[in-house]
Amino acid sequence: MFEMRLASLITAVTTPRNDRGRKSQMPLSYDIQLTMEKTPSYLVTPGAPQRVANMSKDMLLLLVVRDPVTRALSDYTQASSKRPQDTRSFEDMAFRNASTGLVDADWTAIRIGQYAKHLERWMRFFPLSQILVVSGEKLVEDPVQELQAVQKFLGLRPLIGAQHFFFNQSKGFPCLRKSPQSTVPRCLGKTKGRSHPSVAPAALQRLRDFFRPFNQKFYRIVGRDFGWS
């Protein structure tokens, strides 16, 4: 069984020039520890799988996904908060032609949600046995179940249980206690839990129809149906 070390403030391995010295940025770890680092853009960056494999072909990978329509709305909300001068609506961004319902598959918020495409690129360098796909919805609804699977996949001591969580009503997310006796919880930051924009039901349905074949292929690859309508 292993313990976990978390790397922070690491230069993302998204360009070749970042490879040199990257390992030196990782924290020192004992043989019984696993070092973990996260960068969301790895999934969609074309050259990232090979560069990660060049560092270690034995890497264990965690991929957290959620309904791609909800994810696109969240992406838009996040981007809008950073660029308030951009007044384009979600529909303006998501559709090349609103009257015909033609989805802009190249818009970043839509492109990222085509999970099957991105996962196939990673599977050219890593077997599926080294990749665990985690449900973002289940992390909110039942974090213990998902994290038990994560602990088992990583070979960690099964320390996290229901006693480590409580639900934050104001944000709509569970918060973590480092220990059941802890009075200082760790909750998601202020950028999480924002209200999404109101979008016409017909527009949302067009997006669900667009993502459906990608979702079905993704389910087949990972052997799990995430129930995205």
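Placement of Cβ uses the backbone N, Cα and C atoms for every residue, glycine included.
Annotations in TrEMBL come from automatic prediction, not curation.
Source: prediction; values computed, not measured.
Residues or ranges marked as domain 'Sulfotransferase' in TrEMBL: 55-216. For Arg66, Ser74, Lys192, Gly193, Arg194, Ser195, His196, the entry in TrEMBL reads 3'-phosphoadenylyl sulfate binding site. The disulfide bond annotation in TrEMBL covers Cys175-Cys187.
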Whole-number answer please: how many Å between the C-alpha atoms of Cys187 (disulfide bond) and Ser74 (3'-phosphoadenylyl sulfate binding site)?
18
Compute the C-alpha separation of Cys175 (disulfide bond) from Ser195 (3'-phosphoadenylyl sulfate binding site), stating it in Å without decimals.
19
Hey, does DSSP put Ser74 (3'-phosphoadenylyl sulfate binding site) in a helix, a strand, or just coil?
helix
Looking only at the domain 'Sulfotransferase' (55-216), what is the mean pLDDT?
89
